[in-house]
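Working notes, structure below.
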Amino acid sequence: MIIATIGSHSALQILHGAKKEGFQTMVITDNKRENFYKNFSFIDNIYAYASLDEAVSIINGIKDYGILIPHGSLVEYLGKERVDKIETKIFGNKKIFEWEADQKKKMELLRKSNIKIPEIFERPEDVDRLVIVKLNGAKGGKGYFLARNKSEVKEGIQKLIESKMIRDENEVIIQEYVVGVPMYFQFFYSDIINRTEIFGIDIRYETNIDGLRRLPFEYMKELKINPTFVVVGNIPAVARESLLPVALEYANNFVRTTKELVPPGMIGPFCLESIITDNSDIVVFEFSGRIVAGTNLYVNGSPYSWLYWDEPMSIGRRIAREIRVANEKDKLSLVVS
């Protein structure tokens, strides 16, 4: 069996973990990155593509003996139509992709999981406080903007339309901006052992908002630079232990809801992207239904994964172990779609 993934996002971690669990590994990459991946001995096969259609053909070439591990770049790069043409087994529940690509469906899933979320405004006219306007899909924060009132919301949406990032206002979600500190809680759900594991926590390092924070207030006021939220890196974090029971409760609620609304439900890694308020409330503003790039911080294991496994366990390796154990128990169908 060969473990494959697209060359981006968390590919190195995924393939490193797969090799640790005894699998052959394969990266399918843009030909501009081929030389980069040649630097890593744990990657057994490197296939470079010149077009996205060729990428799909390469993936389908291993359908009889391979498993594709999805990450944030899969749908964002290939597009939904091409992903639908993939015949190779995909780790996880690919029905989640559709929910993850739509901000409004995302929030519906969180709400039905009895998870505390920010208020959502259906129309710009309803805005009565500071909001953040977000685009659909895994765009790493690109195009997001803050607005204080309905006029600023309308103005920002119009700029997105003019730049062709969206077609109309239905392609954004207007969300209350919750003041607090960000914490992105990473989890792994195993149907094989019926357990939700809290894996790690990260904070996104975003430009230019994190750079603006270093400026004195009077400079920021004078420069009049609008903050942007493009993710360029990740910072590790450990939460107060008193926060963890609520975070894990939210994760278990989320798993149960996905089983009801998106059967067979959540499989493998996911992330509840949250703000912690000064009342220690965890407010979840988004989820990712697959491996997140913040797990790249923990290639040698996280403070939490050590508590479960007592050995180095990245999410990449955890995925590979789930596949290996499922295959050994003749339950591979439970972890792929």
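Glycine is treated like the rest: Cβ placed from N, Cα and C.
Feature annotations, courtesy of Swiss-Prot:
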type: DOMAIN; residues: 94-324; note: domain 'ATP-grasp'
type: BINDING; residues: 124-184, Glu206; note: ATP binding site
type: BINDING; residues: Glu273, Glu286; note: Mg(2+) binding site
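Annotated features, which come from Swiss-Prot, shown on the structure.
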residue : record              : contacts (Cβ under 8 Å, 6+ apart)
Pro124  : ATP binding site    : Lys150, Val153, Lys154, Ile157, Glu169, Ile174
Ile132  : ATP binding site    : Tyr144, Phe145, Leu146, Ala147, Gln175, Tyr177, Phe229
Arg148  : ATP binding site    : Arg129, Leu130, Val131
Gly156  : ATP binding site    : Val133, Phe145, Ala147
Lys164  : ATP binding site    : none
Val172  : ATP binding site    : Gln103, Val133, Lys134, Leu135, Asn136, Ile157, Leu160, Ile166
Gly180  : ATP binding site    : Ile275, Ile276, Thr277, Asp278, Val283
Glu273  : Mg(2+) binding site : Pro182, Tyr184, Phe185, Val284, Phe285, Glu286, Phe287, Ser288
Taking the Cβ of Glu286 (Mg(2+) binding site) as the centre, count every other Cβ atom within 10 Å, in any protein chain shown.
-> 19
Local confidence of the prediction over the domain 'ATP-grasp' (94-324), expressed as mean pLDDT = 94
